[in-house]
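Only one structure is covered here, and it is reproduced in the block below.
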Amino acid sequence: MWVLGIAATFCGLFLLPGFALQIQCYQCEEFQLNNDCSSPEFIVNCTVNVQDMCQKEVMEQSAGIMYRKSCASSAACLIASAGYQSFCSPGKLNSVCISCCNTPLCNGPRPKKRGSSASALRPGLRTTILFLKLALFSAHC
């Protein structure tokens, strides 16, 4: 019975109609030469419930590396990244790589690696997945 309570709480918190989802991304609409647009002045709030992903485009040219970042809808971002997949060859001249992500500021600089943080997050994820499976199972019974 407690599982049903957890499922109801989960649904109440995350799946209510009208629940607004907004993400923050780095944005520089014009290509920036050797500037990856990852400083605070490039942070924007994306359009609620429309632009649910961050997009990053990296183009390697003879003059240097060009960056363009923006908010995007998941459909537009995934279509763009799939369309340019064959042109993505990091380190090669005229390479164009487009990537999409859906966590806050994920199109910014890569976080510095820490040895133990990745393994510390895994148990929480496993627990969350277990609770979701239990909730779904109890809902079908």
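Placed from the backbone N, Cα and C atoms, the Cβ positions cover glycine too.
Listed features, source Swiss-Prot:
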- CYS25-CYS54: disulfide bond (DISULFID)
- CYS28-CYS37: disulfide bond (DISULFID)
- CYS46-CYS71: disulfide bond (DISULFID)
- CYS77-CYS100: disulfide bond (DISULFID)
- CYS88-CYS97: disulfide bond (DISULFID)
- CYS101-CYS106: disulfide bond (DISULFID)
- 25-107: domain 'UPAR/Ly6' (DOMAIN)
- ASN45: N-linked glycosylation site (CARBOHYD)
- SER117: GPI-anchor amidated serine (LIPID)
- 1-20: signal peptide (SIGNAL)
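Feature map: Swiss-Prot annotations on the structure.
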| residue | record | DSSP class |
| --- | --- | --- |
| CYS25 | disulfide bond | strand |
| ASN45 | N-linked glycosylation site | strand |
| CYS54 | disulfide bond | strand |
| CYS71 | disulfide bond | strand |
| CYS88 | disulfide bond | coil |
| CYS97 | disulfide bond | strand |
| CYS106 | disulfide bond | coil |
Spatial neighbour of CYS37 (disulfide bond) that is closest, considering only the disulfide-bonded residues CYS25, CYS46, CYS71, CYS77, CYS101 and their CA atoms: CYS25
CYS106 (disulfide bond) versus CYS25 (disulfide bond) - Cα distance in angstrom: 7
C-alpha spacing of CYS77 (disulfide bond) relative to CYS106 (disulfide bond), in angstrom: 14
In the chain carrying CYS101 (disulfide bond), residues 6 or more apart in sequence that have Cβ under 8 angstroms from it: MET53, CYS54, LYS56, ASN107
Inter-residue Cα distance where the pair is CYS88 (disulfide bond) and CYS77 (disulfide bond), in Å: 15
Rounded distance in angstrom between the Cα atoms of the residue listed as 'N-linked glycosylation site' and CYS71 (disulfide bond): 8
For CYS100 (disulfide bond), nearby residues of its own chain (Cβ under 8 Å, 6 or more apart in sequence): MET53, CYS54, GLN55, ALA72, SER74, CYS77, LEU78, ALA80, SER81
Per-residue pLDDT averaged over the domain 'UPAR/Ly6' (25-107), given as an integer: 91
Candidate with sparsest Cβ neighbourhood (10 Å radius) among CYS25, CYS37, CYS97, the listed disulfide-bonded residues: CYS97
Residue pair CYS97 (disulfide bond), CYS71 (disulfide bond) - Cα distance, angstrom, rounded: 16
CYS77 (disulfide bond) in three-state DSSP notation: helix
Sequence-distant neighbours of CYS28 (disulfide bond) in its chain (C-beta under 8 A, six or more apart): ASN35, CYS37, PHE42, TYR67, ARG68, LYS69, SER70
Close in space, distant in sequence - CYS71 (disulfide bond), Cβ under 8 Å, 6 or more apart: ILE23, CYS25, GLN27, VAL44, CYS46, THR47, GLN51, MET53, CYS54, GLN55
